[in-house]
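Mind looking over this structure? Questions follow.
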Amino acid sequence: MTKKPWISLGGIGVFAVLLLAVAPLVLTDHWLNNLGKYCCWAIAAVGIGLAWGRGGMLVMGQGVFFALGAYAMAMHLTLETAGDRVPGFMVLYDPLAPLPMFWEPFRSAGFTLAAIVGLPVVVAGALGYALFKRRVKGAYFAILTQALAVALAVLISSTIRETGGDTGLSDFKYFFGFVLNDPANRLMVYLIAAALLIVCLLAVWQFYRSRFGELLVATRDAEERVRFLGYDPANVKLVAFVVSALMASIGGAMFVPIVGIITPAEIGAAASILMIAGVALGGRASLFGPALGAIAVGWGQSSLGSTWPDGWPYILGLLFIVVILFLPNGLSSLPARFAAARRKPDVPPTPVIAAAELEEVRS
Amino acid sequence: MTDASLVVTDLRVEFSGFVAVGGVSFDAHPGEVRFLIGPNGAGKTTCIDAITGLTKGTGSARLGDTELLGRPVHKIVRLGVGRTFQTASVFDELTVLQNLDIAAGLHRSSVSLLRARRGVDRSIEQALEETGLAGEPATPAGILSHGQKQWLEIAMLLVQDAKVLLLDEPVAGMSHDERTATGELLQRIAARRIVLVVEHDMDFMRRFATRVTVLHQGRVLSQGTVAEVQADPQVQEVYLGTAGAATTAAMAVVLERED
C-alpha cells in the first residue's frame, strides 16, 4: 500500500527522466510522436487506476471524458487553423453555413483550457452524484458508463455538420500559435504530454498515501462499513470518479495535437475498453501499472497492430484473459508474487482484491 | 461524557408485511451494560438495524433530545451512535492503525484527508491500549485473530468517540478468556458511554449484564435485572417450550447449557 512512498516517488523521478530526457534523445520523431500518443492514453489510464483499482468503480466509459477534452481542444485548433472563416468541413454541405453557437467560445484559448478542465468535472460530478447517491455500483455502473460512451460516439457520428461526424476533426496547423509541422514544436507538444503524465502520477501518488487513499480502499472493500464510520461513501467515490474523468479529459486534449485527428472511433466503446485493458494488464491498483500497461498496449497497437493487424486483437484478448485469470492484479504484482513465493514456497498468495460484501453477511 | 440516554419507544419494523419488530420499547443509560437477548428471529439485530438507519423503522429512537429514526446511516453515526456487526467487518487490507485512523477521521476536515498521516492521534493510542491491541498497530487487520478483530471494531467505535455502542454478538466464537476480557472491557467502557449488547451467550450475559431486555417474536417479553428476567415464567416458557414444566431451576440449567 503506502509503505514505501519515497521509493515510489523515486520511481516517478526515474520515469520522468526516461520520458522527458532520454526518450527525446534516442527515439526517432516518428516513435517519439507515438510515445506521446501512448502518454495520452497513460494519463487516462492513471485516472482509471484511481477510480477502478483503488475505488472499485469499473469505469468503462472513460472515452466520454477523453472526448470532452479532445473535442474541446480539436474545436479550438480547428478554429485557429480556419482563422476568420468557418471551418472547411462545415461549408462542404452548405456554403453559407454559420458557425454553430457552441463553437464560438472555443475561439478563446483561455475558454478552451478552462473547458478541458471544467467540462469533465461538471459532467462527472453530476453523473457521479446521481449514480453514487442512488448506490448504483458494480456491473450496473460499468454498463451505464459504457453505454454513455457508445451514445456519445453515435451522437458525434450523426452530427456531421457540427462535429465532423465519423471523419472527425483533423488538419490542425497551429497549436496555440505554434506551427504544428515544426519538429521543435512537435517535441514541445510531446514534452507537455509527458510532463502532464508525470504530474498525474504525482497526483495519484499523493492520493494513495493520503488519508483519502486509505478511505477510498476502505470504501472499495466494504462500502457499508464505511457508512457506519460516519462517512458518506458516495462523496468518497465521487471525488475519485471526478479526478479520473479530469485525467481522461487532459489525456484527450493532448491526444489531438499529437495525433492530429480525433474521431468517434477514438472515444467509443472499443476505445474505452482498450484504455481499461492497459490498466488491467499493468495492474489496476498499483501506482505505475496503469501507465505502463497503457503504454505497452499502445506500443503493441502501433507495432503488431500495423504489421499483423488481423492477429493483434487476438493477442491482446489472449493477454487480457491470461492476466485476469492468473494475475488479477496485473503484471506489476509479479515482483510481490515472486517475493511471496520465495518466502513461503507452499502457501499460494491470495489475491489482494477481495471485497468483503457486508450486505450479504448481514442478517 | 454524556448524560443523554438512548430511549426506544414503540419501535416497529416490517418487511413487506412481515412484522419483524412489533412495538418494542426499552432504554439504555450510560453506566450500565445493557443486554438485548432472545431466541433466533426475535428481532434483536433488526432493532439495532433500525436504530442505526440500516432498515426503516417507525416509532421513536431518541438519543437525548435527538430523534434518530429517518436519518441517513452516516448522519446517525455522526450523532454518536456506533455499531459492530455479527461478522467482524474490519478493513482486511489495511493495518490496525489505518483502520483506527479511518474511524477517527469523521471529525476531521475534508481537506486534511488529502494529506498523509503523520504520527498517531492520542485517541487512537488510548483505544489501542484499552482494547489490548497496543502491540499490533502495523498488523494487517485481515490476519488478526477473530477475537482481536472484534476488539478492533470496539476500538474503532472508541476513536470515533461514539456515545452509544451497539454491539451485535461481540463474543461469538471467542474463547473463554477472550470473553472475560471482552466483558471487562465493556464494563470499563460503559462507565462513560451507553453500551447495548445483542447476545446469544447466556453465560456471558449473566456475568456482565446490568439490565436485560428479552425479545421474543418481535416483542418485549421481559425486562429487568438478570435475576428478575431469569425468574420470569414467560421467559422460561420461551426458552423451554412449555410453561408447565418450567421451573427456575430448569431454566438455570438450560441457560447454563446455552453456550
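Glycine residues also receive a Cβ, built from the backbone N, Cα and C atoms like all the rest.
Just lifted these from TrEMBL, have a look:
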TRANSMEM  A:6-28  transmembrane segment
TRANSMEM  A:35-53  transmembrane segment
TRANSMEM  A:59-79  transmembrane segment
TRANSMEM  A:111-132  transmembrane segment
TRANSMEM  A:138-156  transmembrane segment
TRANSMEM  A:187-208  transmembrane segment
TRANSMEM  A:238-262  transmembrane segment
TRANSMEM  A:274-299  transmembrane segment
TRANSMEM  A:311-334  transmembrane segment
Taking residues 6+ outside the transmembrane segment (A:59-79), which of them lie with a CB under 8 Å of any CB in it?
44, 47-48, 51-52, 87, 103, 106-107, 109, 112, 115-116, 119-120, 123-124, 142-149, 152-153, 156, 163, 168-169, 172, 174-175, 241, 244-246, 248-257, 262, 266-269, 271-273, 275-276
Can you see whether the transmembrane segment (A:111-132) and the transmembrane segment (A:238-262) are touching - at least 3 CB pairs under 8 angstroms, only pairs 6 or more apart in sequence?
yes
Determine which recorded stretch among A:6-28, A:35-53, A:311-334 has the most C-beta pairs below 8 angstroms with the transmembrane segment (A:187-208).
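Stretch with the highest Cβ contact count: A:35-53.
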With an 8 Å cut-off on Cβ pairs and a sequence gap of 6 or more, do the transmembrane segment (A:35-53) and the transmembrane segment (A:311-334) reach 3 or more such pairs?
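As far as Cβ distances go (cut-off 8 Å, pairs 6 or more apart), the transmembrane segment (A:35-53) and the transmembrane segment (A:311-334) do not touch.
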Excluding the flanking five residues on each side, which residues at least 6 beyond the ends of the transmembrane segment (A:138-156) place their CB within less than 8 Å of a CB in that stretch?
57-64, 67, 71, 127, 131, 163-165, 264-265, 267-269, 271-273
By a Cβ-Cβ criterion of under 8 Å, what residues six or more beyond either terminus of the transmembrane segment (A:311-334) are in contact with it?
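Those are 277, 279-286, 288-289, 292-293, 297, 300-301, 304-305, 351-353, in sequence order.
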